[in-house]
Amino acid sequence: AYPYKSPSIGFLNRIYHPNVDEMSGSVCLDVLNQSWSPMFDLSNIFEVFLPQLLLYPNPTDPLNEEAAALMMRDRNLYDQRVKEHSAKYAKSELEGRKQEDESSSDEISDDEYSSCEEEMTVHTDP
C-alpha cells in the first residue's frame, strides 16, 4: 500500500539503540508509525528520518528498554556498549563472507576468487 501506507523499516545487523529492537531490528519512528504522509518518500526516510533517529535517540519511548535506561543512567557506559555492538555486529556482508571463505577453504583459484568477489559485491548493502 506504499506510498499511502508507511513502509516497514528494520535493520539486518543488531543495533544497540533505545528506539531499535535489538533482536528483530524493528525501528520505532513516529513518522512511520503515526504521522506518515504519502508526501514522504524513501529518500526522506533514509536521508533524514533514520539519521536523525540514530543521532538523537528518544529514550522516553523505547523499543529497547535496557538501552534506554542505560542511556539515561550512564551515557558513557551507553556509548561504550554502542561501540561494542558496532565492533561485534556491524560488519558488512562482504566481510562476513570473506571470513567464511578463508576459514572454509585454504586454497581458491584466481578464477574462483574473482567470481566470488563479484557475487559478494552485488549483495552488499549501500
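Cβ coordinates come from backbone N, Cα and C, glycine included.
Residues or ranges marked as active site, glycyl thioester intermediate by TrEMBL: Cys28. Among the features that TrEMBL reports, compositional bias 'Basic and acidic residues' is placed at 88-101. What TrEMBL lists as compositional bias 'Acidic residues' is 102-119. Taken from TrEMBL, the feature domain 'UBC core' covers 1-91. The region 'Disordered' feature in TrEMBL is assigned to 88-126.
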Whole-number mean of pLDDT values that fall within the domain 'UBC core' (1-91): 91
Counts of helix, strand and coil residues, the domain 'UBC core' (1-91), according to DSSP: 42 helix, 5 strand, 44 coil
CB within-chain contacts under 8 A for the residue listed as 'active site, glycyl thioester intermediate', separation at least 6: Asn19, Val20, Asp21, Asn58, Asp61, Pro62, Leu63
